[in-house]
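Notes follow the structure.
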Amino acid sequence: MQQSGSVQTVDARPPGLVATLRIPGVLLGMLGMLCIGIAVMTPGFVPNASLDQIAPLRILRSVLKYQVGRALMAIGLALLIWAWLKLRPARVPLLNHSWVLVLWSLPVLLAPPIFSSDAFLYADQGWIIHQGLDPYEVGLTEAGGPFAINVHKVWRGTTSIYPPFALLVQYWVAVATGFQGLISVIAMRIPILIAVAVIAAFVPMVARQLGADVQLAKWFAILNPLLLIHFVGGMHNDAMMVALVLVAIWCTLRFGTPGMIVGALLVGVGATFKQPGIIAAFAIGLLPVAARLKDLAPGRRLLVIIGRSLVSCGLAAASFTAVSLAIGFEFMGWRHAANIGELTWGMSPASIVEQFIGPVLNWVGIRHGLLPFLSRVTTVLSVLMLGVLAWRYFFPDVWIGRRVRNHSVQQVAGAELPETDRSWRDHPIRWLTWGFSAIAFSGAGYHVWYLLWGGIYVGMLRYPNRLFRALIGVMILFIVVEGGLEYYGMRPIVGYLVGAALGWIFWANSTRLQIVPEPAPEAETAEERPTAVVG
């Protein structure tokens, strides 16, 4: 048994494959993923043309009815969340999360994209590049090819929103599979699986650097239903950005300022897969000095923060620019599609407000561009929130009321004790976790997998049990909203109402659900514990 700061970490050997299969909840999660994998074969869930060319799948789809698929999807999601909760670290203190991740991924490895049809347009963008065209200048389906028929009608004719490295990887996959319809689409999962493997490897490494509970960190990040559904199942290239930012954070924590230089460069590369990753450069710059910031006067602290963040952001911007120019597409050509989220109703706050107000304005004959306006408003608010979060985590001693607020806990038997910050080492990661969430809700386009940008760090940051319960309720809310939108023909407003009700039911009935493990009985008391690393 090893103690790090105020957290105990079990260093016993994790169970092997056979022992893992015997743990209650593991097979249940596999069954849930199998139901989801079968459900997405149902006619109406994904484009028919590619699947119906394969005889066994055509037969399966003829047996499955639309309502059967809907039922299987709901059952699969419920089983997956239930299984995940059964494996929580307070209940299963020692688990081989890597084996569980592999086992839960197996049922959907050859399935069509889940909760999204983005992989079809990934393949079409690969075809556009293969024709010697620039996807920032030529719209989806405009080059013809084997994938055009399966691109959703909303996105046909739109140029690419994806950064250049994401496009290049999509092209490589399409070329390697010979532009073979569904095969090329499913192969888009390969680079995502590599990214997920990197995430699975580095989450415990970062958690150890922070002195956090490794089992809790792995459970909340690696086995998170959102990661399985949207990264493994949905094949979203966000996974590459998330993986590179995670590696950058580990480099910085492990090697200090030299690691920060490497980390900032990795962040820039990550942003060439998904643009919001660039904000991680701010956190990377502060990680080597975060623990010392609390000892500096506010004015001196501000100068240090500005100086180091300018260096790290400059390095990230340089690597982003270098990679973009080396790949050769129009530099920042994705900006032409920056308003693509305004083409359809979605889940973002801006879109929800427009769905309430827009029809009323239309009914009274008022012509309006409400969604673009609301999109800009939420973007400005998100940027302001980054500033508020910076104030919260780097200037808590000058917070309103001049009182340092507790946001971290020590686990003691049967209770949680709030801690006043004595080390700010993880404050840049806290800023990044919630900063990613703020950026995710900006603009007109929001998707559930955006929660994974910063969500993979939550289990490392010593938050109390009630926060995990709240976040699980929020996850249920958004899974219902997006699932309703994709598979049940449910408008987002209705989805929010249903999802909020189910999320509240979970919250109200989970007061005794212990997620954060209690320390072992032989552990020291809260007063006697070392406090070198606290949050």
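Just so you know, the numbers here start at 1 and follow the chain as drawn.
Cβ atoms are placed via backbone N, Cα and C, with glycine included.
Please treat TrEMBL annotations as automatic predictions, because they have not gone through curation.
Taken verbatim from TrEMBL:
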- 21-46: transmembrane segment (TRANSMEM)
- 66-85: transmembrane segment (TRANSMEM)
- 97-115: transmembrane segment (TRANSMEM)
- 161-183: transmembrane segment (TRANSMEM)
- 190-210: transmembrane segment (TRANSMEM)
- 273-290: transmembrane segment (TRANSMEM)
- 302-327: transmembrane segment (TRANSMEM)
- 373-395: transmembrane segment (TRANSMEM)
- 431-452: transmembrane segment (TRANSMEM)
- 467-485: transmembrane segment (TRANSMEM)
- 492-509: transmembrane segment (TRANSMEM)
Are the transmembrane segment (21-46) and the transmembrane segment (97-115) near each other by the rule of at least 3 C-beta pairs under 8 angstroms (pairs 6 or more apart)? yes
Distal contacts, the transmembrane segment (492-509) - CB-CB under 8 A, six or more residues away: 345-347, 351-352, 355-356, 469-470, 472-474, 476-485
Counting only residues 6+ away from its ends, which parts of the chain sit with a Cβ under 8 Å from the transmembrane segment (302-327)? 163-165, 167-168, 260-261, 263-269, 271-272, 278, 280-282, 284-286, 288-289, 293, 296, 390, 394-395
Annotated stretches the transmembrane segment (273-290) and the transmembrane segment (21-46) touching (3 or more Cβ pairs under 8 Å): no
Taking contact to mean three or more C-beta pairs under 8 angstroms, with sequence separation of 6 or more, is the transmembrane segment (373-395) in contact with the transmembrane segment (66-85)? no
Quick one: do the transmembrane segment (431-452) and the transmembrane segment (467-485) have at least 3 Cβ pairs under 8 Å, skipping pairs fewer than 6 apart in sequence? yes
Apart from its near flanks, which chain residues at least 6 from the ends of the transmembrane segment (467-485) lie with a Cβ under 8 angstroms of it? 73-74, 77, 81, 85, 115, 220, 224-226, 229, 346-347, 447-448, 451, 455, 458, 491-492, 494-496, 498-500, 502-504, 506-507, 510, 513, 515-516
